[in-house]
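Report on the following structure.
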Amino acid sequence: MSKYTFIPSPLEQFEIVTLLPISIAGVNLSLTNSSIFMILTFSLSLFWLSLSFYKGSLVPTSWQLTKESFYEVTANMLRENLGAKGELYFPFVFSLHLFLLFCNLIGMVPYSFTVTSHIIFTFSLALSIFIGVNIIGIQTHGIKFFSLFLPRGVPLIIVPLIITIELLSYTVKVFTLSIRLFANMTSGHTLLKIIAGFAWTMLSAGGLLAIFHVIPLGLLVALTGLELAIAALQAYVFTLLTCIYLNDVLDLH
């Protein structure tokens with residue numbers, strides 16, 4: 001009788017599951033694993049910040065040094081892309097960077113849930129930022145904001161074509177911003193799951209294969225380190241692009 005080892009689908013980890021069904025006036029307000037982990041991310045972010053507060057000691061703790069380093073990274077990002085005018089938007093940019101970083105890092109914990117691996121979350125976040133950035137641009141420049149879609153010196157005959165191209169390239173920012181984060185997190189977690197399943201299959205087979213399961217296991221450890229770096233990098237890139245898009249509407253060409 002042959003022995004089979006059941007290996008769950010690597011995409012099973014991305015399934016949204018209802019944990020607490022709630023319906024008010026016909027509106028579905030149920031708590032899912034996705035919403036629970038977003039609340040957990042927010043709570044852990046606040047808890048981490050509370051650990052970094054000075055508490056009657058002149059000597060900074062390791063938590064304080066970590067927070068100050070993170071603060072400096074975000075502040076330099078904003079300063080390099082927006083200059084002095086970026087100070088007004090620092091609270092939002094800092095909160096965005098911190099929230100995405102914790103979302104990605106919490107997703108690396110086994111049996112947890114990666115919120116940023118769902119396109120609905122990343123697209124909603126990117127769309128909200130896109131709308132907010134355009135509101136800021138219109139409030140700052142008024143009707144002149146729409147000159148963003150018409151470069152100077154363009155011949156009149158190709159103005160409709162240029163406006164169409166500029167409008168499409170401007171709108172596609174929402175998709176590139178959301179898909180980049182979603183695709184990187186989904187592909188990385190899927191790869192880790194596949195390699196982990198491969199190592200478990202070799203170990204379960206016994207014999208010589210069980211000995212060589214350390215090869216995919218070692219690869220898994222290396223890729224986990226790489227995925228941790230990617231988690232931090234993708235949070236940084238998303239925040240950096242937000243700063244760049246904000247600078248585009250504040251400094252019209």
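Heads up, the Cβ atoms here are built off N, Cα and C, so glycines get one too.
Taken from TrEMBL, the feature transmembrane segment applies to 36-54, 88-113, 119-137, 149-170, 190-212, 219-247.
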For the transmembrane segment (119-137), distant same-chain residues with Cβ under 8 A (at least six beyond the ends): 34, 96, 145, 148, 173-175, 177-179, 181-182, 242, 245-246, 249-250
Highest-contact recorded stretch vs the transmembrane segment (88-113), from 36-54, 190-212, 219-247, CB pairs under 8 Å: 219-247
